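**Student:** Handing you a structure now.
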Amino acid sequence: MSMPAAETQPKKKRMTFKMPDAYVLLFMIAFICAIASYIVPAGEFDRVTKGDVTTAVPGSYHSIEQSPVRLISFFTSLQDGMVGSAPIIFLILFTGGTIAILEKTGAINGLIYNVISKFRTKQLLFICIVGALFSILGTTGIVVNSVIGFIPIGLIVARSLKWDAVAGAAVIYIGCYAGFNSTILSPSPLGLSQSIAELPLFSGIGLRVVIYICFLLSSIIYIYLYTRKLKKSKDASVLGTDWFPAAGMGEAGKEEDQSVPFTVRHKLILAVAGLSLVGFLYGALKLGWSDSQMAATFIFISVLAGLIGGLAANDIAKTFITGCQSLVYGALIVGMARSISVILENGKLLDTVVNALASLLDGFSPIAGAIGMYIASALLHFLISSGSGEAVVFIPILAPLADLMGITRQVAVEAVMLGEGVVNCVNPTSGVLMAVLAASGIPYVKWLRFMVPLALIWFLIGLVFIVIGVMINWGPF
């Protein structure tokens, strides 16, 4: 006699939390700020203007009549944020267009593949040269998100050098982000942050170069020590026994497919780009050039590089526009984030927030205040993984707060740059990190085992330089 089949209970779908898109998150924050304008008392500081810089007068905060942000004003604030951020938005778009043309000519790929092929058999030299190359591309903003495309090359080299996938990905990805996280010349987020804080573009470069070198050296040493462990014992890998989890990745048979020529034409294109950026840097530091001149520099590089690269006029135009399109998401998020400041300003809440933070930090030394900014920026970056988005949300609050606490705005900007930088390579909301791990087959938890110690080293380096910045009154203001 057969027994009746046991009834199977339908499986309940498990509710899983999904991190909202950055635009959704910023819209929610903007909406909350608009609601707050009906509840939170409005107020403002008296301000004084010295030259081109406007600062809040400490102790001058006073209540004013409530200025609620109504429904129509809320939506027009989104437009106002875009319009107010237009110079930076176009600068970011033009950056994408220029990089697309440099890539189209083959100059960037030719340089990278040429360096990798030359030094791939020399372990320490390979880590130093390739790590330094990608860090330069990262700190100038030339290769940031596109680093994902070079991960397979790192895996190929890792297999030939008897490393694991983590080491192969790290040389490329961490090399790039060691530079980006301690950026010297990136239009976004550094140029954007300094513009919001009313600082001269790329000012304070001397100390930033030292910070960049420390980030790079610590990364190179850390990766090299890890590869030495792999040479001594196969059990040293954070991946266990499966050194290349992504099927087919890093196979030696693909090496020949990666041969890319590096011609005189490529070298000339890179020379033009490099000299143009050096020329702009001189103009920014000595002649007061700003984002308008930088955008013009990118257009100049695009046209000249395209012509030297043998591209037709139509190809230059189409490639430039395609490159701009690739950065629309990151560019418009600047305007979206700026709308939050517009709402806080229209609702007369920005100074209320600054005053509340100043009261909370009352009695704290400038050093303690700067460290607080540094840690707060790191924590905020887990929510707003866009560096430019975080800068536009945070800098309008921190700049006047820095004035009130006796901290230079340069230190406040660097606290945000380093705060977001030290968590970039462990941040689960980072699309670039997740793409790198997917391309290399590295589980996120195992990546954390490798990356967290280096992130802590970066954090301590950042902490030391934030303190130094306060002590030397790092400016110009």
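From the backbone N, Cα and C atoms, a Cβ is placed for every residue, glycine too.
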**Student:** Need the matching range: Swiss-Prot marks transmembrane segment on one of 156-176, 387-407, and I'd like to know which.
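**Tutor:** It is 387-407 that Swiss-Prot annotates as transmembrane segment.
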**Student:** Please give the sequence-distant neighbours of the transmembrane segment (452-472): residues at least 6 beyond its ends with Cβ less than 8 Å from one of its Cβ atoms.
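**Tutor:** Sequence-distant neighbours of the transmembrane segment (452-472): 174, 181, 207, 210-211, 214-215, 218-219, 222, 366-367, 370-371, 374, 378, 407-408, 410-411, 414-415, 418-419, 421-423, 425-426.
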**Student:** Give the one range among 124-144, 268-288, 387-407 whose Cβ atoms make the most pairs under 8 Å with those of the transmembrane segment (316-336).
**Tutor:** 387-407
**Student:** Taking residues 6+ outside the transmembrane segment (205-225), which of them lie with a CB under 8 Å of any CB in it?
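**Tutor:** Distal contacts: 123-124, 127-128, 131-132, 135, 139, 167, 170-171, 174-175, 178-179, 181-184, 281, 285, 414, 418, 453-454, 457-458, 461-462, 465, 468-469, 472, 474.
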**Student:** I need to check the long-range neighbours of the transmembrane segment (294-314): which residues 6 or more away from its ends have a CB within less than 8 Å of a CB in the stretch?
**Tutor:** 87, 90-91, 94-95, 97-98, 101-102, 104-107, 187, 191, 201, 265, 268-269, 272-273, 276-277, 279-280, 284, 320
